[in-house]
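S.K.: Would you mind keeping the following structure in view while I ask a few things?
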């Protein structure tokens, strides 16, 4: 029993290597009194394990148990690490970003401080880079020149107003020529304008004279000696026209009487000529009948004696003589017919001439009668015709006065425009006097200072005296290249790194995308590629290091990492690379 306890109860097999792992045969390190064990068979090393080195029993047990456990542990360790790495790669997130560069700029625009009015800079109270508060005095102007300009503008404006008042009075009232000359001298009007004023006064005076001439009453008509002389001359001209019209009527009546006498003579001659024509016609007809009767007798005698001559009863000579008588009678008839026709035509032509003469006398009579009627009308309407002429001249003078008034109105309009310009200049001069101190419109930092004592700004050229960067929140303005803009969206997070401060030491600033340009900016001399302007709002306006805040400044160059995908895993990188490799192989094929 003691051997069993010594070997079985506390031996190697019961100490955890072969039994229960607790140093006992039953797992408790002690032998149970209820269990009997068979004696252990004796093992011969030379028969069963002659290929193993000779070890003692405890050493032999240790070697046989340690070798397979260690190998399996290494294998399982590698497998576990690999599985854990795959699981980590499948679930571990990795960020994908789009890089962009740009600058920090104020959220509000840079304020260009311009001179509100003309003036000479007297004193500059700020310097480049200096911080200023809103309402702080920046520049003081010299007002002496503005005061002199203001006085000059007022004087010119007053002269223009007086000139316009004179033109209005000239067009609306009856001014005396002496008053016009006095105004021309006092106002120092140009030669052309003075000529217009004198012409209008002359035309107006002439129209007054014409109205008096036709019997109209003219208010405030004070005619001078020359105008009275012209009025008397016009009246004498009227009397002369009436006398001339009367003389013309008398002459026309005399001509009409002569024409009527000639017409009566011509008509009586026409009657006589027609009677002569009728006599010629009757005489010619009678002579023709007589000649034809004689010819008929002669022809009858010839026809009666011709048979006798053939029979030889009469001589041939008598036949020929009778034939000659017939021929002579025929010739006489022809001659008488011709002479009668000539005489008839001549008398007929004389009648036609007489008729034409009568027609001419009749036309002359009608013309003279019409002329007499017109002369009588002129004589009767001499006064009316004279009034018409006068009124026509009045209308012509009014037309010329309207042309003068049109030119004067144009001058008035031009003067009013000039007055408006001078009013504006007077207002600016008053502003210069009121705003002799130029103040900061916003708080910020001064830069690009152009003003200096003696500097003369020109507001019309929009020249800034200085610029102020507002103390507003800064915002990052970056340019995203064309191939990356498709992934960028509003409200995406971004990391902003300031180029002036190393990232490893100062870190970065968080932000988010607030706006993306709707169109790409074309390449230029600085940027050789298309780009989209993008604005990123910053979470902080400073960099913090060692409990010290470093404020940001406008114009600092930056680089931004815009996070376009935050749910991507490490495993997706390998799958994406694998996909690209496969696609490249397809392209090669």
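Including glycine, each Cβ sits where the backbone N, Cα and C put it.
Nobody curates TrEMBL annotations by hand; they come from automatic prediction.
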S.K.: Pick from 165-199, 200-234, 235-269: which range does TrEMBL record as coiled coil?
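M.R.: Going through 165-199, 200-234, 235-269 one by one, TrEMBL flags 235-269 as coiled coil.
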S.K.: Ranges 53-73, 74-94, 95-115, 116-136: which does TrEMBL label transmembrane segment?
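M.R.: Range annotated as transmembrane segment by TrEMBL: 74-94.
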S.K.: Using DSSP, how many residues of the domain 'AprE-like beta-barrel' (474-564) fall into helix, strand and coil, respectively?
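M.R.: Helix/strand/coil tally for the domain 'AprE-like beta-barrel' (474-564): 7 helix, 47 strand, 37 coil.
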S.K.: Could you give me the DSSP helix, strand and coil counts for the domain 'Lipoyl-binding' (112-140)?
M.R.: 0 helix, 14 strand, 15 coil
S.K.: Can you give me the average pLDDT across the domain 'AprE-like beta-barrel' (474-564), rounded to a whole number?
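M.R.: The answer is 89, the mean pLDDT of the model over that range.
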